[in-house]
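Shown next, in structure tokens, is the structure this report addresses.
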Amino acid sequence: MSDMHSLLIAAILGVVEGLTEFLPVSSTGHMIIVGHLLGFEGDTAKTFEVVIQLGSILAVVVMFWRRLFGLIGIHFGRPLQHEGENKGRLTLIHILLGMIPAVVLGLLFHDTIKSLFNPINVMYALVVGGLLLIAAECLKPKEPRAPGLDDMTYRQAFMIGCFQCLALWPGFSRSGATISGGMLMGVSRYAASEFSFLLAVPMMMGATALDLYKSWGFLTTGDIPMFAVGFITAFVVALIAIKTFLQLIKRISFIPFAIYRFIVAAAVYVVFF
């Protein structure tokens, strides 16, 4: 593979990663299709995907740095309040409660989850995740109980974390699972999306660090330019995607995203079967 060819592939995959990582459409589904069509598969490709995810994570940190640093600075040493008594400020406890279910299941079943990473499972996950988005739009309360991030309760944060466990199924979409869960729990579409982004930082950093540690041996110095291009591209595109997405969901529902997931599932079937 020539240098220019590899850099072009890196840029294309960086765009795909940046566009899809935080939208409820499954970055995994898109990456396996595009990677297959480009002929970029195998251990190096998996390591590359792990590295460029860091670019997407950095975009969230840049977008929400005030909120993230504010969370770190909040004192939360007092005991947990009862349901309904903790409204008024999003705290680090909300993030921790949102992390616990997926972290526990992810550590317990890491190898099993990795074994699910194949086109057929991704295709089914795309469909089921799309159905969940439709269900969330149809079944959500008419008036959200938590219109803003600072209105969320600990219970809502924990239940969103439980929904996040669905994203351990490759192709389901972490953002799709958490946003749908938030809406079903009475969090507004916009606030659920913001919480999903904030929750992504520790979750994705932890998962990416673990994957990078396990796949570090496949990275060579010759890969650095390609990985750098993918990282930077994913970062820039993710910044644009997040800003656009947060504006878009003020005006439209998630039904179009669900339909798009069904189309991607069909594309997976056509490409691989």
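Glycine residues also receive a Cβ, built from the backbone N, Cα and C atoms like all the rest.
These features come from Swiss-Prot:
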TRANSMEM  6-26  transmembrane segment
TRANSMEM  45-65  transmembrane segment
TRANSMEM  90-110  transmembrane segment
TRANSMEM  116-136  transmembrane segment
TRANSMEM  190-210  transmembrane segment
TRANSMEM  222-242  transmembrane segment
TRANSMEM  252-272  transmembrane segment
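Listed as Cβ neighbours of the transmembrane segment (222-242) (distance under 8 Å, sequence separation of 6 or more from its ends, same chain) are residues 3, 6-7, 9-11, 13-15, 17-23, 44, 47-48, 51-56, 58-60, 62-63, 197. Remark: the transmembrane segment (45-65) contacts the transmembrane segment (6-26), by the rule of 3 or more CB pairs under 8 A. For the transmembrane segment (90-110), the list of distant contacts is 67, 71-72, 74, 76, 80, 149-150, 152, 154, 157-158, 160-162, 164-165, 167-168, 178, 195, 198-199, 202-203, 206-207, 210: same-chain residues at least six beyond its ends, Cβ to Cβ under 8 Å.
The stretch in 116-136, 190-210, 252-272 that contributes the largest number of Cβ pairs under 8 Å to the transmembrane segment (6-26) is 252-272.
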